[in-house]
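Enquirer: Mind having a look at this structure? Questions to follow.
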Amino acid sequence: MTLKRNGNDAPLRIVRLDKELPLPRRAHPTDAGIDLYTAQDVTIAPGCRELVGTGIAIALPVGTVGLVHPRSGLALKKGLSIVNAPGTIDADYRGEIKVCLINLDPEEPIELARGERIAQLLVQEVSLCDVEEVNSVEELGVTVRGESGYGSTGV
């Protein structure tokens, strides 16, 4: 199958810091997320969080950002999520990718085995715009929404 790609076609360069772990990959060719694996066995007590290494370092293409999202199956079946979902990986970061996991189950600990899929990485284009200060809200421009914020479109 030939996939049509949009925008930046530069590859995601990955180094496995732990060669025994699988290379991160998509479960299906058209999946947005690339599965990330835990580099160690870990037990997360109810309501607790744990910073878990994935055993990889990456070089994202310039003009992209890596967003680390929870896996929906683990969220549903075990109550596992990511504290700062989505986690943000900047294109110039070269350290090990780590995921701050949290056990949202109020009673049961979550046991994760080394090599288990724990999160998914999405690579998205990002606008690297400059910051320009203006002197008043009026200089930001008028919109239909204006200052209507939280709950303004209904519950």
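Placed from the backbone N, Cα and C atoms, the Cβ positions cover glycine too.
I grabbed these lines from Swiss-Prot:
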type: BINDING; residues: Arg71, Ser72, Gly73, Asn84, Thr88, Ile89, Asp90, Lys98; note: substrate binding site
Enquirer: Near the Cβ of Lys98 (substrate binding site), how many other Cβ atoms are there if near means within 10 Å?
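Expert: Its Cβ has 17 other Cβ atoms within 10 Å.
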Enquirer: Which residues in the same chain, at least 6 apart in sequence, have a Cβ under 8 Å from the Cβ of Ile89 (substrate binding site)?
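Expert: In sequence order, the residues whose Cβ lies under 8 Å from that of Ile89 (substrate binding site) (at least 6 apart) are Ile58, Leu60, Val65, Gly66, Leu67, Val68, Ile97, Leu121.
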Enquirer: Using DSSP with the three-state reduction, classify Thr88 (substrate binding site) as helix, strand or coil.
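Expert: For Thr88 (substrate binding site) - judged by DSSP and reduced to three states - the answer is strand.
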Enquirer: Which residues does Asp90 (substrate binding site) neighbour through Cβ under 8 Å, counting only same-chain ones at least six apart?
Expert: Leu60, Val65, Gly66
Enquirer: Under 8 Å Cβ to Cβ from Thr88 (substrate binding site), same chain, six or more residues apart: give me those in sequence order, or none if nothing qualifies.
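Expert: Result: Val65, Gly66, Leu67, Val68.
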Enquirer: Find, for the listed binding-site residues Arg71, Asn84, the residue with the lowest Cβ contact count at a 10 Å cut-off, counting only other Cβ atoms.
Expert: Asn84
Enquirer: Please report the DSSP secondary structure of Arg71 (substrate binding site), reduced to three states.
Expert: coil
